[in-house]
Amino acid sequence: MEELGSRNPSIGLESIGFSDLSVVRYNFEAAQLYEEALAHGEAELTAHGALCARTGQHTGRSPKDKYVVRDANTADQIWWDNNSAISPENFDRLRQDMLAHAKGMSLYVQDLVGGADPENALPTRVVTEFAWHSLFIRNLLIRPEREALSSFQPMLTIIDLPSFKASPERHGCRSETVIACDLTNGLVLIGGTSYAGEMKKSVFTVLNYLLPRKSVMPMHCSANVGPAGDTAIFFGLSGTGKTTLSADPNRTLIGDDEHGWGEKGVFNFEGGCYAKAIRLSEAAEPEIFATTQRFGTVMENVVLDERRMPDFEDGSLTENTRCAYPLHFIPNASKTGTAPQPRTIIMLTADAFGVLPPIAKLTPEQAMYHFLSGYTAKVAGTEKGVTEPEATFSTCFGAPFMPRHPSEYGNLLKELIARNGVTCWLVNTGWTGGAYGTGSRMPIKVTRALLSAALDGSLNSASFRSDANFGFAVPVSVPGVESRILDPRSTWADGAAYDAQARRLVDMFIANFAKFESHVDGSVRDAAPGARIAAE
C-alpha cells in the first residue's frame, strides 16, 4: 500500500480495518484533487476553472436510507419516531463488507474539523472513493493548519464508498443505498450514493447529538454579524433563502447552514458553503455567482454547454443543483467562524399558499412554536403535472438531522432567547398575491429591505397589527416597502379565497403540532395559530 500526503503517522487507515489498498492520498489540496478527478473521469473542468461532477441516480439526500445504531448508549437518547434504527450486529456486518469491498482501491483521506469553537470541535476523518468527494468535503469543513495534521486525532470517521451496494437482507436496511451512523463509536458508513451532501449532513447529525449534552444549541441556520457586533441567525429549510439572505455585503458572514449557540455566542460548524445553483444569477446573488467562476469550487449536477459554460437555468438533471466552495471565497466572510451572542433570529419560510405576511414579529413562545413546527411549502415537480403546493413541516427546521427529541432543542432555544433578550421574526420568502400558480414570488428586494429594517432595529418602532389567523405582530408600514404587500389578504384579488386558504393553513399547523403538545408548556401551546379578530 502506497501512502501519499501529510498525516499523523501513527493513525493510518489500517487502524480502522482497511487492508490491501492500492494508494491512499492524505489531505491532498485542490490542484492535486482536480488532477485526480479529471484523470479518472469523475468530473469536468468548467470554462472558469470550477470542477463539475454528476451524481447519477441520487441528486439529493436519501433520508429513508439513513440509520442510527441502536445500542445501550443511544436507546434512550434518540428520537426513534424520526430516526431509523440499525442493530450493532448489522452495522458491523456492513462495516466489514465495506472494508472488503475497498480492497485493491485507491482512496482519498481528509482530516478536517466540524466546529469553529475549539471547546466544541469535532475532529473528523473523511475517507472517500472519489477525488471530487474529497475536494467537496475539504471545501465544506474546517481545514486545520498543515502543521496540525501530524498530531490529528479523529473523533469521527466517515467512510464514503458510492460503488458499494448494501444488501437489505444482509445489512437490515431498505435498499442498496445506506447512510449508517454509529454515534457510540464515532463511525459513519455511506454506500450506494454519489450525492456529496450526505457527508456534510452526517457531521451535522453527530454534532446535533453531542452538543445538547454540553448545553450548546446546534442549529440548521445561516448566520451573519453587523459592524456593531449584532449577530443574526437565519433558520429555514432548503430553498427558503438561508444562503442567499445571509450573504449581505454590509455584514460579515459567519456561515450559511450549520451553527452552534452556547455561552460564548455563535460558531460555525463548517468552513465552506453549499449553495443552491438552480437559476443562480449574477444580478440577484453576485457573491455566490462569483464563486462559480473560481478554481476550487465544486459544482454538482450543473449542466455545462459545449464550451463548458454552466447553464444555471437548466434543471434537466435535477432542480437541486449545487456549488460547494470554501467560506473565504465570499469577500466578507468571517475569518474566525465565531460571533457574539445573537441579537436577532429570523425564521424563514417559503409559503407557497400565499397566506403568511412578508415579515411578522414573534414572541418567545411563538418563536418556539414556529421552531418546533418548521414550516415551509414545496411546489410539486412540474413533470408530475401537479400544481398544488404541499405543506412541509420539518421540526427544528431540520428534522432529518436531529437525532434527539425536538423538545430538547426547542427548550434549549427558548432558554437562550430569554437569557439573551433576542428579537425573533418570521419572514416569508414564498408567494404573495395568491398561491403558487396565481400569485408571484415575494420580490427579493422587498425581503432584503424588511430584513435590513429588522436587523438595524428600526422595525421595532413600527406600528403593528395582530394577524387575524396567526396572532403574531405584522408591521403596518415600513419605509421603502409598499404597505399593501405587508398585508397578504389585500394582495389577493378575492379576500374570501384568502380567508379559506388561511384557515386551511392554520388547520395544517394545528394538526402537525399535536405530537408536540405534551412536550411544551401552556404558554407555547397558547401561541398556536387560530381564528382571531385582527386588532386594527
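Cβ atoms here come from the backbone N, Cα and C positions, even for glycine.
Around the Cβ of K201 (substrate binding site), the number of neighbouring Cβ atoms within 10 Å comes to 24. Per Swiss-Prot, the feature substrate binding site maps to R61, Y195, K201, R322.
Positions annotated as Mn(2+) binding site by Swiss-Prot, on the basis of sequence analysis: K201, H220, D257.
Here Swiss-Prot flags K201, H220, G236, L237, S238, G239, T240, G241, K242, T243, T244, E285, R322, T447 as ATP binding site. In sequence order, C221, S222, F234, F235, G236, D256, D257, L348 are the residues near K242 (ATP binding site), counting only same-chain partners six or more apart with C-beta under 8 A.
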Number of Cβ atoms other than its own within 10 Å, given for D257 (Mn(2+) binding site): 27
Env. residues of Mn(2+) site, Cβ within 8 Å of mean position of K201, H220, D257 Cβ: K200, F204, E258, G398, F401
By Cα-Cα distance, the member of binding-site residues H220, S238, T240, T244 nearest R61 (substrate binding site): S238
Of the binding-site residues listed as H220, S238, T240, T244, the one whose CA lies nearest the CA of Y195 (substrate binding site): S238
Integer Å distance between the CA atoms belonging to H220 (Mn(2+) binding site) and S238 (ATP binding site): 10
Protein Cβ atoms within 10 Å of R61 (substrate binding site), excluding its own: 18
